[in-house]
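Everything below concerns the one structure shown next.
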Amino acid sequence: MRGLDLGLLDYVSAWRMMKILHREVASGGDDAFILVEHPHVITVGKHGRTNNVVKWELFVYVVERGGDATYHGPGQLVAYPVVKLRWPLSRYLWMLEEAVIRSLRPLGVEAGRVEKHRGVWVGGKKVASIGIAVEGGVAYHGVAVNVSTDLSYFYHINPCGLHPSAITSLNQLGVEISLEEYKGLFVEAFEEVFEAKVVWVDPAPYLAAAAQLRASPTLLSAPIEAST
């Protein structure tokens with residue numbers, strides 16, 4: 001499985017890269033795995049409700065994934081596997097959750113699932129969100145884990161229909177770990193659950209190709225300073 005570590009990258013560029021990789025995988029190419037940290041942004045799933053965005057102060061996009069409104073920002077690790085869907089959809093979602101759950105065990109964090117809500121939970125609070133899309137038998141979008149995220153930004157939304165106070169982070173749970181340190185734990189757990197080896201490749205050609213694309217997710221709102 002190809003791995004691309006993009007560091008801090010705007011949402012649209014990462015979305016375009018997902019589109020490029022999706023096309024490659026659908027055409028028979030190797031599966032891919034993106035790791036990224038986004039600047040402040042809100043995305044809403046295609047069947048989500050825009051009234052779950054309560055403060056229109058950030059970039060807000062409607063995207064193909066399932067789920068409702070969510071926030072991405074600094075201190076949050078986002079993983080976008082772009083993979084041929086070899087499993088039932090419910091199993092694939094379980095595997096994404098399981099990768100997060102296993103990644104937290106070395107930190108002494110006992111995480112799990114809750115009935116009726118996707119994602120990963122600790123003590124009744126959500127530490128990771130999941131939302132995917134499937135087109136042509138290939139899954140993309142993925143999972144976001146709050147490591148040192150500024151949780152105040154979740155008050156811009158009702159995250160997946162929840163009250164913002166239901167969201168937590170590793171730092172809030174008392175785990176002092178950097179995004180880079182956690183990244184290694186997550187990759188190890190992901191490889192274990194998916195029985196795959198991530199082989200890291202240079203993202204530069206993909207970033208260059210993404211920069212040439214004109215397609216973008218649907219923009220609902222932009223910060224005033226970005227739109228003037």
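Cβ atoms are placed via backbone N, Cα and C, with glycine included.
Listed in Swiss-Prot:
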- 27-198: domain 'BPL/LPL catalytic' (DOMAIN)
- Arg65, Gly66, Gly67, Asp68, Ala69, Thr70, Tyr71, His72, Ser129, Ile130, Gly131, Gly142, Val143, Ala144: substrate binding site (BINDING)
- Lys126: site 'Lowers pKa of active site Cys' (SITE)
- Cys160: active site, acyl-thioester intermediate (ACT_SITE)
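Locations of recorded Swiss-Prot features on the structure.
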residue : record                               : contacts (Cβ under 8 Å, 6+ apart)
Arg65   : substrate binding site               : Thr43, Gly45, Lys46, Gly131, Ile132, Ala133, His141
Gly67   : substrate binding site               : Gly45, Gly48, Arg118, Ser129, Ile130, Gly131, Cys160
Ala69   : substrate binding site               : Ile42, Thr43, Val44, Gly45, Gly48, Arg49, Thr50, Asn52, Val53, Ile157, Asn158, Pro159, Cys160
Tyr71   : substrate binding site               : His40, Val41, Ile42, Leu58, Tyr153, Phe154, His156, Ile157, Pro159
Lys126  : site 'Lowers pKa of active site Cys' : His117, Gly119, Val120, Pro159, Cys160, Leu162, Ala166, Ile167, Thr168
Val143  : substrate binding site               : Val78, Ala79, Leu96, Glu97, Ala99, Val100, Ala128, Ser129, Ile130
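The full span of the recorded substrate binding residues, Arg65, Gly66, Gly67, Asp68, Ala69, Thr70, Tyr71, His72, Ser129, Ile130, Gly131, Gly142, Val143, Ala144, taken as their largest Cα to Cα distance, is 16 Å. Fewest other C-beta atoms within 10 angstroms, among the recorded positions Ser129, Gly131, Cys160, are seen around Cys160.
In the predicted model, the domain 'BPL/LPL catalytic' (27-198) has a mean pLDDT of 97.
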